[in-house]
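J.: What TrEMBL records for this protein is below:
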BINDING   433, 438, 490  Zn(2+) binding site
ACT_SITE  434  active site
């Protein structure tokens, strides 16, 4: 029997993201702009297949070839004739939908591998009975042979993403370890180059380790020729399809959008992170667009070293009513920021008021869809020029809805309240997390001319009373704090949300007063401590590592609040009504404003001080300490992890619409919220030049595997 955490259940939730009304209200020009940006995002998003695992691209092509010839409904009869039961065929559809939704065969949230929940020989029989196989037997056989073994393999190293012997990664060749990642980072820093759009391959050259840094660019030579001056390194293209065409420019609404698109195109053509940063500057200046978008190598969660960005691109339409609330929150930011628990000197000199909008997602290409975003991630831009916040309204509307009978680990009397206020409370938390969490705090930096961005004679470390340490020129948050950077920052932002949601001013902005406001606060804090328990699903005991930044952060917060004592949080192991292990988590609402607030105050101040002062050693000691999962102490978290796995509910998948040009207009093509609907959306998304696209993907993956073979 396969452990259930390694396959997707047949009854997994699948929801369609509704953007029909928002799209209908766009002008013809805005629809064209959204359409071409969406095409760029979807084609660029295929790079994620190559960033996930060696087999992901080939599995994707195999599925595309099968479903291009026969829809899920048509293939069902073939499956029955091939000997598959109805449950086995549904398991195949769910696997295919999961592969598309995650853009690879590892879960985007948790980085765990998932395999088809049916016998390998049954899937092979279906593949060979398909029309695609009948028409191209040799090609389909070769495809199956190239990916069928890793498709089903659950060898220890292949169970999760990771570096070296801890898991699978394509950001590094399989013979790389943490020391290699650190060495490459030092090299890139010395060349004043970002790791965001690179991968690292290591080879042996007569007993000496040599490295090849692969850069994501459409051309092999260009602005980065200086990168090849070091003989141990070489620049080679990693994603050669130039899909960021000039058609976008024709429908841009203003000069900022046009310049933004030109810089993005230059970035993808030559692999220039500087060009992407320049495009991001124009993006920040593009205030209040009706059609919002961002594209590139953005989030570093899945790089085991924490420096390389996964590709993503989104296109969304502003929800004006909800955006008004976020605009009020932005307007209150300068009043709320001084309420945070660190000294004034540890806050930015000036709060650069960002755009903060609620968006209905039309397109989100990548490995997963978040609830909110705070970008760009470039420290130098965020600190001095600003950023944007977005909350994805149609994602929030469906992502966190749950049925009472599936609501785990809560007291019965909390469940109805939780269901009623989970959505509104999460809306408040997302707003605070993105705007005042990620948007707050100062990094002490010395620039290339030796100038400091703070008064050294006046600023001291409030924890030690000593002068502060700092970030040197070219050092960034990600490069300095590396493996803990993402989760540490998510934890800091979550704590800001918990701390500031206690303010009546904040709750009033979101329309909550009186008892309703108290219930929103209670459910927000209860949701956080429950999420901390649920986070144990994403911890791997064998490697003592966390696979998901946000869930590690929430577990840390649970530990902090348990440590606060005085009955604030209760966590006990119990036996469920089914006779199996269960757990109950409780929160004393009368102590949130006292015991809870004080605990978060102390912890949040420590997090910010350690971050501002570039204290990697102190930050790692603090964060790793609270991240520890053991079977000793007041709570046996290793045993509780087994209970969480026993009771877990699979994360929902989303079906997204497509757009299609028809004459002078753009049509929105929507699909049902099911595994079959998700599959259909992907097969129709790339149908115009499917065969060439699939050939290109296979060729890029073949070159990767050839390089790995030669390097090993």
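Heads up, the Cβ atoms here are built off N, Cα and C, so glycines get one too.
TrEMBL does not curate its annotations; it predicts them automatically.
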J.: For the residue listed as 'active site' and residue 490 (Zn(2+) binding site), what Cα-Cα distance in Å is obtained after rounding to a whole number?
T.: 10
J.: Show which residues of the chain containing residue 438 (Zn(2+) binding site), separated from it by at least 6 in sequence, have their CB under 8 Å from its CB.
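T.: Long-range Cβ contacts: 374, 387, 389, 489, 493.
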J.: Find, for the listed recorded positions 434, 490, the residue with the lowest Cβ contact count at a 10 Å cut-off, counting only other Cβ atoms.
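T.: Each of the recorded positions 434, 490 was scored; lowest Cβ tally within 10 Å is 490.
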J.: Does anything in the same chain, at least 6 positions from residue 433 (Zn(2+) binding site), have a Cβ under 8 Å from its Cβ, and if so what?
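T.: Set apart from residue 433 (Zn(2+) binding site) by at least 6 residues yet with Cβ under 8 Å, we have 372, 493, 494, 496, 497.
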J.: Which residues, in sequence order, are found in the same chain with Cβ within 8 Å of the centroid defined by the Cβ atoms of 433, 438, 490 at the Zn(2+) site, excluding those residues themselves?
T.: 374, 434, 437, 489, 492, 493, 494, 496, 497
